[in-house]
Each structure stands twice: as structure tokens, then as C-alpha cells.
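These features come from TrEMBL:
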DOMAIN    88-279  domain 'ABC transmembrane type-1'
TRANSMEM  25-55  transmembrane segment
TRANSMEM  92-113  transmembrane segment
TRANSMEM  125-147  transmembrane segment
TRANSMEM  159-178  transmembrane segment
TRANSMEM  199-221  transmembrane segment
TRANSMEM  256-278  transmembrane segment
Amino acid sequence: MSVLEAQQSTTPKLPKLRSFRQQNALAWIGNHAIAIVLAIGFIGPILFIVLTALMSDQQALTKNLWPTSWHWENFGEVFEKAPMLAYFGNSLLYAGLATAFMLLSSVPVAYALSRLKWRGRNTMFYLVIVAMLLPPQVIAVPMYVIWAKMGLTGTLWPLILPNLLGDAFSIFLLRQFLITIPQSYSDSARVDGASELSILFRVILPMAKPGMAAAALFSFLNAWNDYFGPLLYTGENQGNWTLSLGLASFRSVHQVQWNLTMAATVLVMLPVIILFFLAQKQFYRGHQVLRRERLDQRESDCSRRRIHLHHRAN
């Protein structure tokens with residue numbers, strides 16, 4: 001009886017295996033179905049904008065979704081009817097300098113909040129979280145008065161210079177990413193006599209590229225799509241308008257010509273889409289590097305433990 005029971009216990013249970021595979025197949029189908037629906041929801045409006053931008057004036061007012069004839073000259077007409085190149089340069093200046101200043105100021109703060117131990121660190125981190133919850137409209141009036149007394153209203157500097165003092169969301173994002181980097185790398189560098197600046201620039205920053213890329217992308221997109229800030233500080237000077245203000249003005253003037261409005265919208269979205277794909281490659285590469293470093297660190301920790309246990313056993 002014991003032999004028969006042993007044979008029965010060792011026989012594979014095919015029904016359970018098949019049910020497990022069926023569950024995996026259903027989960028795979030469900031996940032991909034949801035992903036396809038979400039992709040259609042995101043790509044659909046963009047496709048509608050692009051197709052409308054290539055229509056004629058008359059067809060853009062109809063219910064047809066596909067252009068009967070392709071009008072690529074709509075994009076050139078946008079540049080003829082509005083100074084889009086000047087708006088593009090202002091947006092690029094605003095977003096580029098704001099992102100650079102944000103990284104210059106937020107990375108050291110995030111490093112101090114995540115890697116260094118000092119009194120009041122948690123209190124300072126809570127203040128960063130509170131600053132994240134504060135809407136910019138709350139301080140819009142006093143900030144405008146300050147910049148007006150300095151004679152900087154009508155320019156882009158009231159939008160760029162505050163980034164030298166750091167950005168609360170970027171500090172929070174970078175701090176959460178820097179925590180995931182193993183502390184042993186910093187400790188090893190300190191044992192070798194490296195200063196905190198050397199540890200930051202030579203050890204931490206090369207491993208923090210994915211987090212820095214994410215923070216830079218969010219900062220750039222926030223500045224590129226900003227409408228309230230340029231309207232508040234540069235509304236009186238059209239020469240310093242950004243693409244968001246220029247697009248709003250273009251839409252109010254050419255509100256009947258939806259094909260031109262959509263063409264201008266495509267020109268505003270195109271740099272953001274290109275930047276997203278470039279940053280996506282950086283995210284993937286940085287994630288692979290950080291994952292490899294973590295695996296190497298785990299293997300080294302396991303080998304040290306085995307050596308320690310071997311010495312204790314002997």
C-alpha cells in the first residue's frame with residue numbers, strides 16, 4: 001500500500017497545471033486588452049489633431065475624419081500668420097534654463113535629504129512636502145509685486161530664476177530615487193577618503209541618471225506647457241510670449257480655421273513627443289545599469305556572509 005501511495009503522490013497533476021496555464025493566458029489577454037484600450041484612448045486624440053491639421057478649411061468643419069486631400073502647406077501658413085519661431089525660442093529658453101537651474105539646485109538638496117544625517121532633516125523634508133501642496137496661484141500676487149519692483153515683469157526671468165532655489169516636486173522625486181541606491185557605495189568612497197562632493201559627482205550622480213532624467217522631463221514639460229506663468233509675467237510684452245500664449249492667441253484669431261489651429265497644436269506637441277522618446281531610452285539604460293549594480297551588490301553581500309559564516313564555523 002505504501003508503494004502505491006508513493007506512486008500516486010509522485011504522478012503529475014495535469015488538471016491543476018492546465019488550469020494554471022489557462023489563468024495565465026486569461027491574465028495575459030486581459031492585460032493586453034486593457035493596454036490596447038488605453039493606447040487607443042491616448043493615441044486617438046493625437047491622431048485626430050494630426051489628421052485635422054492636414055485638411056482643408058472646408059473639410060475641417062465637416063464630420064469627416066480622414067482628409068480627402070493632404071494639405072501640408074498648413075504648417076507653413078501657421079508660420080506666416082504668427083511668429084511661431086519667436087514663441088518657440090522663448091519656450092525653449094524658458095524650459096531649458098528652468099530645467100538646468102532645477103537640476104543645479106535640487107540635486108544637492110535631495111542628496112542631503114537622502115544620504116546625509118543631520119539634525120532637522122525630517123523637518124526640512126516635511127516642509128518640502130508642504131511646498132508641493134501649495135498652489136502657485138496663492139502666492140501669485142505677492143510674487144508679481146516683488147518682480148514688478150525689481151523691474152523684471154514683461155520678461156521670462158520671473159519664471160526662470162525661482163528654479164535656482166529648487167523645486168519641491170523635483171526634490172521629492174530625486175530624494176526618493178537616491179534612497180534606493182545602496183549606502184555601501186558611499187561608505188566605500190568615504191573609506192577611500194572621498195569628500196561629500198566627490199561622492200555626489202563621482203558615485204551617486206552616475207547611478208542617479210534615471211531619476212535625474214525623470215525630474216528633468218517633468219520640469220521641462222511643466223515649463224513648456226505652462227500658461228499661467230507666462231500670462232502673468234509676459235502678457236504685456238508679446239515679444240516674450242511662449243508657445244502656450246501664442247497658441248491661445250492664434251486660436252482666438254483663427255477660431256474658424258480649425259485646420260490651422262490643429263497644425264499649430266502639432267508644432268507645439270512635436271518637441272515634447274521627441275523629448276519623451278529620447279528620455280525613455282535614458283530611463284531604460286539607467287534602469288538596466290542600476291539593476292546590474294544592485295545585483296552585483298547583493299552577490300557581494302552574499303559572498304561576504306558566506307565567508308563570515310565559514311570563519312565562524314571553523
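FYI, residue positions are counted from 1 along the chain as it appears here.
The backbone N, Cα and C atoms fix where each Cβ goes, glycine too.
Predicted, not measured: the structure shown is a model, and the values here were computed from it.
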At a C-beta cut-off of under 8 Å, are there same-chain residues at least 6 beyond the transmembrane segment (256-278) that contact it? List them, or none.
46, 49-50, 52-57, 59-61, 71, 74-75, 77-78, 81-82, 84, 88, 92, 217, 220-221, 224-225, 243-244, 246-247, 250
Winner by Cβ pairs under 8 Å against the transmembrane segment (159-178), considering only 25-55, 92-113, 199-221:
92-113
Are there residues at least 6 beyond the ends of the transmembrane segment (25-55) whose Cβ is under 8 Å from a Cβ of it, and what are they?
64-68, 70-72, 74-75, 258-259, 262-263, 265-266, 269
